[in-house]
Amino acid sequence: MACPRVIFLILITFFILQTAFSSSWQTLSGKPPAVIARGGFSGMFPDSSIQAYQLVNITTSPDVMLWCDLQLTKDGVGICFPNLKLDNGSNVIRIDPHYKERFSVDFTWKELSDVKLAQGVVSRPYIFDDVSSILAIEEVAKLTASGLWLNIQDSAFYAKHNLSMRNSVVSLSRRLKVNFISSPGISFLKSMKNSVKPTVTKLIFRFLKQEHIEPFTNQSYGSLAKNLSYIRTFSSGILVPKSYIWPVDSALYLQPHTSLVTDAHKEGLQVFASEFANDFVIAYNYSYDPTAEYLSFIDNGNFSVDGFLSDFPVTPYRAINCFSHVDPKRAKEQAKITIISKNGASGDFPGCTDLAYQRAASDGADILDCNVQMSKDKIPFCMSSFDLINSTNVIETSFRNLSSVVSEINPRRSGIYTFSLTMSQIQTLKPTISNLEKDSGLFRNPRNNKAGKFLTLSEFLFLPNRYSSLLGLLIEVENAAYLVEHQGISVVDAVLDELKRATTQQNKTSARTILIQSTDKSVLMKFKEKNKMNHDELVYRVDDNIRDVADSAIKDIKNFAGSIVISKKSVFPYKGFIILEKETNIASKLKSNGLRVYVERFSNECVTHAFDFYDDPTLEIDSFVRDVQIDGIITDFPATTARYRKNKCYGEFGLTTTGELITFANPMLLPPAEAPYPALLDSDVTEPPLPEARSQPPASSPSKAEEKAIEVPFAFIAMAILVCFFISV
């Protein structure tokens with residue numbers, strides 16, 4: 001009996017050790033990676049401002065270190081400022097217009113008291129400019145409990161002005177809690193080696209771009225990265241641009257990771273990675289998700305960096321504490337939120353294609369959506385837009401001659417509409433990936449452009465057979481009145497026929513939820529009448545930003561729908577990317593009246609979020625789920641929300657405070673006030689009944705698209721006749 005007991009204890013011990021080993025960090029110390037806030041929360045407030053440093057304490061924990069780019073004034077006072085020149089990052093040019101170049105050594109500490117800080121990155125909020133003064137290093141030290149990281153970028157510059165950066169740093173390290181001192185200059189680090197206690201303050205060699213030359217050795221930083229044993233003689237760690245670890249090619253795709261972290265750890269060097277910011281362009285592999293990028297440096301199964309230098313410290317802080325070491329297959333869902341795709345995973349693949357749906361299902365979407373369009377031969381299929389120009393390469397084909405203006409749909413621009421082509425013609429087109437507005441400068445995965453194929457509604461209804469994790473499907477029906485009145489096509493009947501056929505074929509679709517969504521009450525009423533659909537299966541979509549919903553409108557909606565879709569701006573109204581108030585009460589009002597509330601559209605790109613969410617799509621999701629308590633998220637990046645549902649610290653951190661950033665703004669820089677969004681009234685919901693389709697459209701009344709299609713070929717025919725005539729003459 002003793003032997004089995006011993007074996008059992010051995011197995012238990014082995015299991016515990018194996019679990020501990022597998023869950024330990026692959027950092028040099030075995031502890032979680034550190035987070036260093038570069039100039040405070042410099043992604044939001046001006047770098048090195050008191051607001052930037054204070055926001056770090058509000059959004060993270062005392063463990064997060066504050067970074068100070070140390071500069072010296074003419075009278076030797078140490079200040080925190082991101083650049084040698086004061087021009088970029090302050091309003092010094094308005095204070096003293098006489099200097100061509102303005103450095104901190106040109107001013108005494110007292111003279112700098114009138115200089116205010118400004119945002120140095122043009123894409124970031126400028127409304128906080130000219131509010132905060134430059135801080136002395138002693139003032140910054142009072143704001144942190146964990147200690148400071150001092151960066152000395154150019155000690156030789158100050159030596160030319162008879163100022164000793166070394167002496168200043170030594171003095172500061174004796175008076176203040178300085179955890180790390182970094183510099184790209186080897187001579188400076190060597191001079192500091194015997195002046196600080198390595199158990200208290202660590203010296204870190206900062207790498208610049210690989211082609212740049214380090215002055216002491218006259219070697220490139222790229223070559224020095226291959227001589228880590230030499231680096232170990234004067235430092236205890238390295239700070240490298242992230243591309244040293246995960247290279248990115250010219251097309252913005254990741255290359256295989258290097259062995260730098262592993263090699264450095266073998267030499268006893270810590271590795272800190274830099275150049276992280278939520279509003280920087282990152283490799284397409286990350287789908288514009290900053291948390292995914294951080295996780296690739298710490299949770300890849302091969303190595304982990306020892307820390308991050310970030311302009312948005314809340315994101316790496318939560319990536320480390322909430323999303324690392326989470327097994328997506330085994331982890332339980334913490335957040336109760338339904339994920340509905342927006343044209344599939346249309347952030348990664350062309351929308352409404354087989355590949356977009358496949359990615360959405362594998363990424364964790366609960367419900368796949370199909371925006372139903374109709375072909376000329378009355379076949380319903382899935383496509384994100386009524387206009388083929390928006391979703392396909394039709395403009396590159398001979399079908400471009402079918403361009404027409406349909407005033408009922410878009411009176412300002414011509415289009416090539418789905419009802420102008422047969423299904424077989426549409427299937428010859430290549431799908432194109434949807435991008436944000438052109439002026440954003442952000443493009444979605446170009447390698448996936450023109451990948452995949454569009455699905456007919458019949459094929460779409462079979463997807464639950466392929467992806468067993470799905471809870472249901474959502475079918476969106478728009479432009480039904482136009483199609484009936486002008487094209488003689490009943491999209492409602494076409495959808496009902498496909499639903500009946502799918503049920504008859506017993507393809508298991510009937511066992512899953514089918515939702516019908518529309519912006520038109522008349523469409524939803526028609527489904528309710530013809531198919532006896534329960535109002536819980538009908539979803540009413542509000543296609544405008546609204547600030548309130550009248551009680552009479554809610555009562556009307558409840559008669560024909562059980563769910564409602566509203567925009568993000570209807571919940572958190574914002575202008576110039578700054579939320580104007582904490583939140584409206586729309587969601588709670590709708591929910592208290594028994595309606596499920598879905599919100600659209602959630603994307604990963606930083607330009608789609610209000611600044612109050614710190615350019616972090618995960619923090620935005622958290623606010624809508626925990627604060628507003630919506631029922632579902634409609635997203636073109638389902639993976640981001642699916643990962644959020646399984647985070648380890650759900651509910652442990654405080655909610656992101658919305659509507660308060662504006663109180664820190666410079667009133668002179670705020671945009672002018674605008675009229676609030678309108679309220680949704682009963683008159684906005686009420687519509688005349690949807691007419692029945694004609695049996696056949698009148699032969700004498702071709703559509704405008706057909707007129708255009710006939711007109712262009714006729715011109716070619718006429719030209720051919722004339723050519724033949726002149727040849728014969």
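Just so it is clear, glycine is given a Cβ too, placed from its N, Cα and C backbone atoms.
Per Swiss-Prot, the feature signal peptide maps to 1-22.
Per Swiss-Prot, the feature domain 'GP-PDE 1' maps to 33-320.
Every protein chain shown contributes to the tally, and the Cβ of Asn88 (N-linked glycosylation site) ends up with 15 other Cβ atoms within 10 Å. Residues annotated as N-linked glycosylation site in Swiss-Prot: Asn88 (among others).
For Asn162 (N-linked glycosylation site), no same-chain residue lying six or more positions away in sequence has a CB closer than 8 A to its CB. What Swiss-Prot lists as N-linked glycosylation site is Asn162 (among others), and the listing cites sequence analysis.
Residue environment of Asn218 (N-linked glycosylation site) contains 7 other Cβ atoms, counted within 10 Å of its Cβ in all protein chains. Under the heading N-linked glycosylation site, Swiss-Prot lists Asn218 (among others), citing sequence analysis as support.
What Swiss-Prot records for Asn227 (among others) is N-linked glycosylation site. Asn227 (N-linked glycosylation site) has a Cβ environment of 12 other Cβ atoms inside 10 Å. Asn227 (N-linked glycosylation site) falls within neither a helix nor a strand when secondary structure is assigned with DSSP, and so counts as coil.
Non-local neighbourhood of Asn285 (N-linked glycosylation site): Tyr253, Leu254, each in the same chain, at least six residues away, with C-beta under 8 Å from its C-beta. Taken residue by residue with DSSP, Asn285 (N-linked glycosylation site) is part of a helix. Feature annotation from Swiss-Prot assigns N-linked glycosylation site to Asn285 (among others); the stated evidence is sequence analysis.
Of all Cβ atoms in the protein chains displayed, 10 besides its own lie within 10 Å of the Cβ of Asn302 (N-linked glycosylation site). Per Swiss-Prot, N-linked glycosylation site is recorded for Asn302 (among others).
What Swiss-Prot lists as domain 'GP-PDE 2' is 337-645, and the listing cites sequence analysis.
On its own chain, Asn390 (N-linked glycosylation site) has Ser384, Gly415, Ser434 as residues at least 6 apart in sequence with a Cβ closer than 8 Å to its own Cβ. DSSP gives Asn390 (N-linked glycosylation site) a helix state. Per Swiss-Prot, the feature N-linked glycosylation site maps to Asn390 (among others); the stated evidence is sequence analysis.
The number of other CB atoms found within 10 A of the CB of Asn401 (N-linked glycosylation site), across every protein chain shown, is 15. DSSP assigns Asn401 (N-linked glycosylation site) to a helix. Here Swiss-Prot flags Asn401 (among others) as N-linked glycosylation site, drawing on sequence analysis.
The N-linked glycosylation site annotation in Swiss-Prot covers Asn507 (among others) and rests on sequence analysis.
The transmembrane segment annotation in Swiss-Prot covers 709-729 and rests on sequence analysis.
Of all the glycosylation sites listed here (Asn88, Asn218, Asn227, Asn401), Asn227 has the Cα closest to the Cα of Asn302 (N-linked glycosylation site).
Taking Cα separation as the measure, Asn88 (N-linked glycosylation site) is nearest to Asn218 of the glycosylation sites Asn218, Asn227, Asn401. Between the C-alpha atoms of Asn227 (N-linked glycosylation site) and Asn218 (N-linked glycosylation site), the distance comes to 14 Å.
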